[in-house]
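Notes follow once the structure below has been shown.
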């Protein structure tokens, strides 16, 4: 039975939700507004809220200095490539951990997660040397590879928790009907876990899209993604705030649209298994 | 499988990216002069057919990236933008190619480079990086407030005069601070200012045996003078002020004096950004009559890592970007006020430049009075005016900077800050093997 909620509580919560949402959104809004200001207006001592002299010149200047589309294509290849590669490895791994666990499964899961606890800079030099020797520096496939490795623990963990929610009986029934392991995973498990796999995919695409440390360190112009694109406009002397905002807006636009269109899927996936 | 086309696409794109004609990869810092160079560089490509691949980064990210690459012999870059801190350290490590071609080129005229800057970029007489622009620090002051206080700024004042003037100019009721100085912690932030200041007090970071000197009377005088000056005449919350914050304060008319980088002169005198553009005077950084002034020396410079496969083309580009012709090109296209300053004697002899930049003479005097090879009153084993050119300094300098910033914020006394600085630095230098 639905709980009865008074109108004043409803209004209160609505206002609160809007306040929190606006608070979280305000830096992005500020970036969007600044992108359409002139450089002088962007750093003015008395800041203006709406652009007084609306201009698109920052976008032109940004594109002149750095090729947006090249970086955007790199971002798409690296984020989707690494996530799909990660899923190909993680789906069988999560299957075995969820449905055929051994004595050490829990330890392996913890160990995988522990690799995320080390600061990335701790392994910078070894990775850099390996990349140098394998000639992977500043290549899109090198970056895809490192991004796969970075996000693999999260992908495995997410899939593992989704798979655990699926009744093992269904898989057993498929096996009774003579399904081989491959068919069991592809035709029974995966279709049932689609919401989970989709949200894993989306979340890891976003993580790979926003990754900055390795992208900036391991690339020098050719394989740079949009995070490298943004960082090339960041300056400690605050001289190019409007251009930096324009670059940021261009960089987040594709992923913002993707998130917008797939938000139902994302929410469903993230709360998957919360209600039984 | 459905995924195959995606991967084939990825590989193809990557291969296309790596197979092209001679291309130089240039890592540089994101500031106005460098962006202008990037904009003008198509002329170089047209002239030579050499393509340029630009990696523009914020200063700290750039430093981390190029250091990782050069220390591992990674070979990602053909030209790196480095400062006077890195140049001597990297040259001694054998990480940089000497720029012998430039020195031999009569048209390039290496003798035209300002001696102080050239000295900071050379090791054993060999040039390892070519300066793109150089700076020192000096005093920028409000002529109207100075007059109101009944004082006249000498061309080369003493710390005593600065103390007197700062206190006289301070008008708390009208939110005017007599002096704005850096307080934000960092080896390139407050320690750049304080190390340069300490030189004029006769202090030094290390004696000839690399023993830290924070327990000396000279360091005590430096820090006491700085703290009392800031307490009496500095802005509120100064311990988080760096270059930008002080620039904004000065442009808004809230500082009587500001001692900082000479490049700031063009910002504070630009009427578009500054409310006090027509009331700014310049003077050399103060001294105490000991023969050293409290000004620093820095040059963003172009160098070729030893791992570059395109050293010849790289040197060709550096020649182009740091030549007299480049300065003339910028002047022609953007005006003399926008020419990268602080590298060549001939620029300061040019009447057009002198007319466009009223601070030119004072900038030159400041650069010339800094000597990175002989920075202190007493002898030291290191090179560098506002830093010590050893790899450990970035860490040690930032540690000490945090202690001094805490003292400025009132979280500890000057004596405690100095004692802790002495202990921490002694420990780090012992660990690094300098102190046996």
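All residue numbers here begin at 1 and follow the chain in the order shown.
Glycine residues also receive a Cβ, built from the backbone N, Cα and C atoms like all the rest.
TrEMBL labels come from automatic prediction, so no person has curated them.
Per TrEMBL, the feature domain 'ABC transmembrane type-1' maps to A:72-262.
Positions annotated as transmembrane segment by TrEMBL: A:12-33 (among others).
What TrEMBL lists as transmembrane segment is A:72-96 (among others). Long-range contacts of the transmembrane segment (A:72-96) within the same chain, counting only residues at least 6 positions beyond its ends with a Cβ under 8 Å from a Cβ of the stretch, are 140, 143-145, 147-148, 151-152, 155-156, 159-160, 162-163, 185, 189-190, 197, 200-201, 204-206, 208-209, 215, 223-227, 250-251, 254.
Beyond its flanks by at least six residues, the transmembrane segment (A:108-131) meets 97, 137, 142, 146, 150, 152-154, 156-157, 160, 213-214, 217-218 of its own chain at Cβ-Cβ distances under 8 Å. Per TrEMBL, the feature transmembrane segment maps to A:108-131 (among others).
Through the fold, the transmembrane segment (A:143-163) approaches residues 74, 77-79, 81-83, 85-87, 89-91, 93-95, 97-99, 109, 112-113, 115-116, 120, 127, 131, 136, 189, 193, 195-197, 199-200, 203-204, 207-208, 211, 214-215, 218-219, 223, 225, 272-273 of its own chain, all at least 6 residues removed from its boundaries and within a Cβ separation under 8 Å. Look at TrEMBL and you will find A:143-163 (among others) tagged as transmembrane segment.
The transmembrane segment annotation in TrEMBL covers A:184-206 (among others). Listed as Cβ neighbours of the transmembrane segment (A:184-206) (distance under 8 Å, sequence separation of 6 or more from its ends, same chain) are residues 79-80, 82-84, 86-87, 91-92, 95, 151, 154-155, 158-159, 162-163, 165-166, 170-171, 174-175, 255, 258-259, 262, 265-266, 268-270, 272-273.
As annotated by TrEMBL, transmembrane segment applies to A:240-261 (among others).
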